[in-house]
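Remarks on the structure that follows.
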Amino acid sequence: MHNIFKGLITALITPFKDNKLDLYALERIVKHQIKHEVDAVLIAGSTGESSSLSFEEYKLLLQTSVEIVNKCIPIISGCSSNNTTYARALAAESTKIGVDGFMASPPSYVKPTQHGIYKHFEALHEVCNLPIMLYSAPTRSGVDFSDETILRLSKLPRILALKDCGVDLERPLRIRATVKKDFNILTGNDEVVLAFNAQGGVGWTSVASNIVPNICKELLEKWNKNDTKGALEIHQKLLPLYTALFVESNPIPIKYAAHYLGLCENEIRPPLTEASDSAKKQIENIITSLSIKI
């Protein structure tokens, strides 16, 4: 099975207008990614406010994204839930709609054991024929995969990757030493992309690339061509942007940045709130200093 989980994957925001999906803005957002040749887009992940979507909205978001992309780049859907039955329904619907793969985190809030985490993903693996990326986000889910559970899950034939949002930079080395050769490890933290890939990572699921996919793509291309100096120069330039985009809970800052650049409304669903005035100012200043335009 082809492994689509590599390179630059943009964790897309979900645009809303009047508390409904804004499909016109979605088209602008997705086409911006296609234009700059990202390697894939992730729909309905944490950055996409997936927990706020109804099942019907989830289906519409995926269906519309598939139509817009029209097979130009892979689409990865988010299928995270603390309810295994519901997560299976998301995975089954993703398969039916025609996405290229999906990502899921361990069930949040309920704090399953490692055996429970394994059984959850085994159930997702059984319900579809799509490639799967594990999503390690312990600050969000409250639990994480142990290295041993990652190894066990990697032996299931369609579990092909791990997106790691942790800060343990030894982890990719440890995992790489035990898993099958075609199992990919990617970072979900913009600010550590180079350090993570130096330790065995092969890609990056990025929030910043919602607004600077061209720069993020250039950074990764330089890194992959062993132009370490060039990659570091770009990374250094982007560090203030990474900081600004996490000055408040993701996706609050990136939603405002996208709005400021004309991609979508600055509408975010409760319990998240709009960016504070100080956060807005910080975001505006860095966008201006980097001359970011859409």
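From the backbone N, Cα and C atoms, a Cβ is placed for every residue, glycine too.
Some features that Swiss-Prot has for this protein:
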- Tyr135: active site, proton donor/acceptor (ACT_SITE)
- Lys163: active site, schiff-base intermediate with substrate (ACT_SITE)
- Thr47, Thr205: pyruvate binding site (BINDING)
- Ser46: site 'Part of a proton relay during catalysis' (SITE)
- Tyr109: site 'Part of a proton relay during catalysis' (SITE)
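Structure with Swiss-Prot features highlighted.
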residue : record                                               : DSSP (3 states)
Ser46   : site 'Part of a proton relay during catalysis'       : coil
Tyr109  : site 'Part of a proton relay during catalysis'       : coil
Tyr135  : active site, proton donor/acceptor                   : strand
Lys163  : active site, schiff-base intermediate with substrate : strand
Thr205  : pyruvate binding site                                : strand
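When the recorded positions Ser46, Thr47, Tyr109, Tyr135, Thr205 are screened for a Cα within 10 A of the Cα of the residue listed as 'active site, schiff-base intermediate with substrate', the ones that qualify are Tyr135, Thr205.
Recorded residues Tyr109 (site 'Part of a proton relay during catalysis') and the residue listed as 'active site, proton donor/acceptor' have their alpha carbons 15 Å apart, per Cα-Cα distance. Looking only at other Cβ atoms within 10 Å, the busiest spot among the recorded positions Tyr109, Tyr135 turns out to be Tyr135. If you measure from the Cα atom of Thr47 (pyruvate binding site) to that of the residue listed as 'active site, proton donor/acceptor', you get 13 Å. Taking the Cβ of Thr205 (pyruvate binding site) as centre and 10 Å as the limit, one finds 29 other Cβ atoms among all the protein chains shown.
Each residue contributes its Cα atom, and for Thr205 (pyruvate binding site) and Ser46 (site 'Part of a proton relay during catalysis') those atoms are 11 Å apart. On its own chain, Ser46 (site 'Part of a proton relay during catalysis') has Ala11, Gly78, Ser80, Ala137, Arg140, Asn250, Pro251 as residues at least 6 apart in sequence with a Cβ closer than 8 Å to its own Cβ. Counting every protein chain shown, the number of other Cβ atoms lying within 10 Å of the Cβ of Thr47 (pyruvate binding site) is 24. Counting every protein chain shown, 26 other Cβ atoms lie within 10 Å of the Cβ of the residue listed as 'active site, schiff-base intermediate with substrate'.
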